[in-house]
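What TrEMBL records for this protein:
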ACT_SITE  B:Asp321  active site
ACT_SITE  B:His354  active site
BINDING   B:Arg221, B:Asp355  substrate binding site
DOMAIN    B:45-358  domain 'AB hydrolase-1'
SITE      B:Arg323  site 'Important for acyl-CoA specificity'
2 protein chains.
Amino acid sequence: MESIGIVAPHRMHFPEPLALRSGASLAGYDLMVETYGTLNAARSNAVLVCHALNASHHVAGVYADEPKNVGWWDNMVGPGKPLDTNRFFVIGVNNLGSCFGSTGPMSLDPATGKPYGARFPVVTVEDWVNAQARVADAFGIERFAAVMGGSLGGMQALAWSLMYPDRVGHCIVIASTPKLSAQNIAFNEVARSAILSDPDFHGGDYYAHGVKPRRGLRVARMIGHITYLSDDDMATKFGRALRRPSGGADDYHFSFDVEFEVESYLRYQGDKFADYFDANTYLLITRALDYFDPAKAFDGDLTAAVAHTRAQYLVASFTTDWRFAPTRSRELVKALLDHKRRVTYAEIDAPHGHDAFLLDDARYHNVLRAYYERIAEEVRA
Amino acid sequence: MESIGIVAPHRMHFPEPLALRSGASLAGYDLMVETYGTLNAARSNAVLVCHALNASHHVAGVYADEPKNVGWWDNMVGPGKPLDTNRFFVIGVNNLGSCFGSTGPMSLDPATGKPYGARFPVVTVEDWVNAQARVADAFGIERFAAVMGGSLGGMQALAWSLMYPDRVGHCIVIASTPKLSAQNIAFNEVARSAILSDPDFHGGDYYAHGVKPRRGLRVARMIGHITYLSDDDMATKFGRALRRPSGGADDYHFSFDVEFEVESYLRYQGDKFADYFDANTYLLITRALDYFDPAKAFDGDLTAAVAHTRAQYLVASFTTDWRFAPTRSRELVKALLDHKRRVTYAEIDAPHGHDAFLLDDARYHNVLRAYYERIAEEVRA
């Protein structure tokens, strides 16, 4: 299967203030956007792909000057791929508060001329959806053929179908949940604590000090990584394999340096993340996860919360995902079925835990491919 | 059920060097010990209780000057309790390297006159068992009626039955595992990384700097705590309850301060732990967990590893324990049954995750009570 090839990001500027759920407001903002495929004359073939924690607008393809920087969902989006760019016009948007070019804590606050830092307002899934709606407006897209996302991206897709019921044909929610559990929040809180307590955090204004809270980011990413993989997958990938057996009778080194392969892997992931990710963004995005809970305004009644949806749904989960387990997807499916919504639910037997939604698994991709065939027929009709 | 009442710890000094599994050796050492009940004339009613990560020799009762400092397994050990001190002579030992009075990183290294700090040798479960064997020798106990422990304590009980097969009548292994999984090691590694990267750690010699790596310890404990509780238990205890609803329409505060009850709980546990626990000890004990793997010398064949055991076994696990899940106990049971050992296995349906082994659950305690009745009859015979 060919990749979509060379792509280029665009910066879109939105001069109007954006009222946020918190009550704060963001004066004009920029969003980084990438598009793939061609918008048809009826503007009926557009698909919005929403990203999760550390991803961006760069969904597919590579950049001319960065041939190794492959989009994060390149196996899903492209010519002949499940989301076929020969048929659909696909939009990737980097969310507000992220650190890949959209307005966020590293951006200059027009009020002070300095980076927002800790003064960047807390943003929510709903705020992202409102910001994305303006992207749709700018493209003249009244209604998306589909809004799709995995994990936190799936929350955005779900929120789209709740907030803009007339603007979403199909809502595709993968490896996601209608709300975080106490345990999910707990993991986020530990990650945030590691960042907030890093002496290099400087209350969020580390840019001015020429440092970044690398130690905290590193620990935060290591914690996250454990929750993305399944126990079985870790056992298969690493088991108890040693990094450099000592050669002694007992072949341990009896130290706190890297001993097991899994330690080496986690440290590598942590270091890499600390290089490229922004700590304030990590705080913001984990908080957006915590806060997402569309049933909250309905006393926790998810069925009531989805009463006014009009989309059709594809909900998919993975058997070994313990971060957002299949039971969480089934809650959503049940609430939708309470209203006799058209829902396709796929529970995919895959060993790779939460990360499965990013991987090229034939059973998973076939479900998506078949579902997009159906959408393509509707778009043609 | 009455508590055993006022108890007192004893310091035992062992002047002989202890050869450690790492190849290092510890010149004479001290162990803190508590005993409950009376050793019979035949010295046949002794039970050794081994502690897990953050516990100590203070298994039951209270101290005269600290009436609120109740032993960590007071619901299990005492007159009329499942491990009945009217019948058994119970010994609790604080392990080498721990921070409750036994020789450890905070102790003065006789070679330098300064605290060991980072120079305290890495100790293993097997080293602890060897050190405990000298305690038994000092009491003139040739054979324990039982050696018992939960979690890391269960590893010590298992190691006793492997290393000293003639000295263990019954081996009681609760909520434990014959080895850590990659995921278990991963959680330990993140906790250690938080400590090792805390600027106040000073390479383990923070005592000399008059500080302690509180931030790292705090994050380490928070991570640990998540793994001790079940997802369900956290949902029941905390759910998504807010600490101080803002009173606004949306009642979030939209900040990174404590918002959810579960965050408040974790921060409290983390702070408390940072007050009383030593960071070097945390490193040592998590490493002892990582290294425990009696099947390692047998190419991973646990059945081969337990070939020479002579004890009878009670193995107990808890359905919602995802740290050391029931499957891990069943591995051990299977290996023992391969040799037709007498094994009682109890898989207890309890909602409280790994921490269940410390709680007063009737079904769990009844299993232990019945098992100790049987041991008591053997001791009388």
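The backbone N, Cα and C atoms fix where each Cβ goes, and this holds for glycine too.
Keep in mind that what you see is a predicted model, and the values were worked out from it rather than measured.
Annotation: B:Asp321 carries the greatest number of neighbouring Cβ atoms among the recorded positions B:Asp321, B:Asp355 [cut-off 10 Å, Cβ to Cβ]. Listed in sequence order, the recorded positions near B:Asp321 (active site) (C-alpha within 10 Å of its C-alpha) are B:His354, B:Asp355, out of B:Arg221, B:His354, B:Asp355. Close to B:Arg323 (site 'Important for acyl-CoA specificity') in the fold, though at least 6 residues off in sequence, lie B:Ser151, B:Asn184, B:Thr227, B:Tyr228, B:Gly353, B:His354, each with a CB less than 8 Å from its CB. B:His354 (active site) is surrounded by 25 other CB atoms, counting those within 10 A of its CB over all protein chains shown.
Taking a C-beta cut-off of under 8 Å and a sequence gap of six or more, B:Arg221 (substrate binding site) has these contacts in its own chain: B:Ala191, B:Gln269, B:Gly270, B:Phe273, B:Ala274, B:Phe277. Taken residue by residue with DSSP, B:Arg323 (site 'Important for acyl-CoA specificity') is part of neither helix nor strand, so it is coil.
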